[in-house]
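Asks: Quick one: structure below, then a few questions.
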Amino acid sequence: MPDTQRLYWRKWDARSILQRRCILLTCLFLIVAIALTLAVVIALFHERLAKNPKTSDKLFVPPSDSILGKYDSAAVASDVEECSVVGKQFLKRGGTAIDGVIATLLCVGVHNIHSMGLGGGFFMVYYDRRRRKVMTIDAREKAPIAASKFMYNHNKEASLRGGLSIAVPGEIKGYWEAHQQLGRLPWSELFKPAIQFCRNGAKVHNALATALKLLEHDIREDPSLSEMFIDEKTGELLQEGDLVYNHKLADTLQTIADDGVDAMYGNHSLARSIVAELKDAGSIITERDLEHYDALIKPPLNLTLRNGMTVYTNRPPASGAVLSYIINILQEYNMSKADIATPEAAGLTYHRMVEAFKFAYAKRTELGDEAREAGLEDDAAQKLKQIVDLLSSKNHAAVTRAKINDDTTQVVDYYGAVFSETDPKGGTSHVSILDSQGDAVSVTSTINFYLGSLVRGNITGIVYNDEMNDFSLPSTPNAFGLPPSAANFIHPQKRPMSSMAPAILVDKHGDVQLVLGAAGGSKITSTLAEIIMRCVWFDEDIKQAVDYPRLHDQLIPTTVFYEKNMPSTILASLVERGHNMTLSNPNGRFSVVEGIQRKDGKVYANCDFRKGGNPAGY
């Protein structure tokens, strides 16, 4: 081979080697760049998921250790096992579902006095199987007659704790109204278990112990609360497993048992004692407020589902209309088990669910008390009725559903909120009952935040609510700088808007299929929608539905709150669609459900593991 040719091939080989090296280096650079990009994306993703190491990578979530009660005829579900047993005993004695629920609630009000009791109020749904009639009771607390829209202008914290935060309690008036309508056993008999627990001691369960620990400083600062929750021998806060006594409340309960509702709401020494201790705490509630309080019997809101079931719930100021709207939006997707069977399907289902939450919570900002005494002008009252009717309209639900984009979420303004304040609460409890006659009752009761106003009556032993905080304050934007809702401004004798939405689901044959309700502030309504979806559309039993991790979006703040065991595949799908994700407080309770389900000829009951309690039945 000539020298010139050899030289050519040597140069070509050199160029070839250089090119190969360049290609190799380029490939290495691209690999490193891709790896770095993936690392950044993964890091950002995990940051958006609140750096939650416990999130599962599978759709399956292990069951909790809560009991799934299985019974032939009847069941009681409350967040205190001893109280579920009390309810069962009254049913077996021949009492009605109303007898059972009143006795159960009185008992819970002793054990979980941080959540509910005589100083609070409730919403009830009752179903009469024989007559196929539904009745609801609104025993929500009311603003005092001396209250005004601007009463907290100079001290907004006064709506949260102390005497000025207390609204007129409705609990006992509501029990009385229910018993007059549908009770069978003597009124005084229903009080005996609660009185015995007050005198002999009620076991401190985890729920109360947790609340006491959170509020230890406030408890030690208040002589009446200290008297009840601080061990006088050791000076220590009561712990789980200890006994709590309330002899003053026992005397109060005995007086109401003996003398009836007028003891608290009429011309009676107890009513005068209540007003006196409230005045000492700085309250503006008078004897006239108690005399003018009335528990309202109302027709239910009802929504018919595709399978022929009907959802019965409460009208405003409860959030039954919001619950109905969520279900109404979602039901025409015709969901089934297949919609949560794969990560892709579950991701889309949860996206649609969150979008429905946003539209529903936007409409919640236009709701308020619809009673005549709430001070509404005729046109405002008519508008409120139209909004409530609209939320149960299939046509309006279809219009809303068409606005849901399966690929992405939207900015806040898209959902049409007027705006209202959020209400994360702690002090609420629920009881569900289904009796052997097929009658059912669902009651959610509250004193608002843990230990309500932090006022315990020096004479009566009653822990009073801080329900005035549930009103919107015209001079106070919420924590996010947005204006409050005019529909929920304070007015004398008005009832504040609530997230509570007890519900009963009845099939087309008139048989109860679900009895449920929840505690958990603004999360109540979204939680109940999830439970209904899982039981009715995804064919889960009540324990499976209650156990599964939950998420919640109330439009503002602009984030989806989720529980720590929510599968990461669902979270990732929501992130891809533009949702901001925030891990809910892992040490707190997201929401708490007490549910009963009729399935395959049996009655099943479950008490949410998040708070404790066990069902009872027969």
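Cβ atoms are placed via backbone N, Cα and C, with glycine included.
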Asks: Quick check: of R132, R140, R161, R184, which does TrEMBL put in the same L-glutamate site as T446, I447, N448, D470, S498, S499, G521?
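Replies: The record-listed residue among the candidates is R140.
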Asks: I need the CA-to-CA distance for R140 (L-glutamate binding site) versus T428 (active site, nucleophile), whole Å please.
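Replies: Here the two Cα atoms are 13 Å apart.
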Asks: So how many other Cβ atoms are close to N448 (L-glutamate binding site), meaning within 10 Å of its Cβ?
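Replies: For N448 (L-glutamate binding site), the 10 Å Cβ neighbour count is 32.
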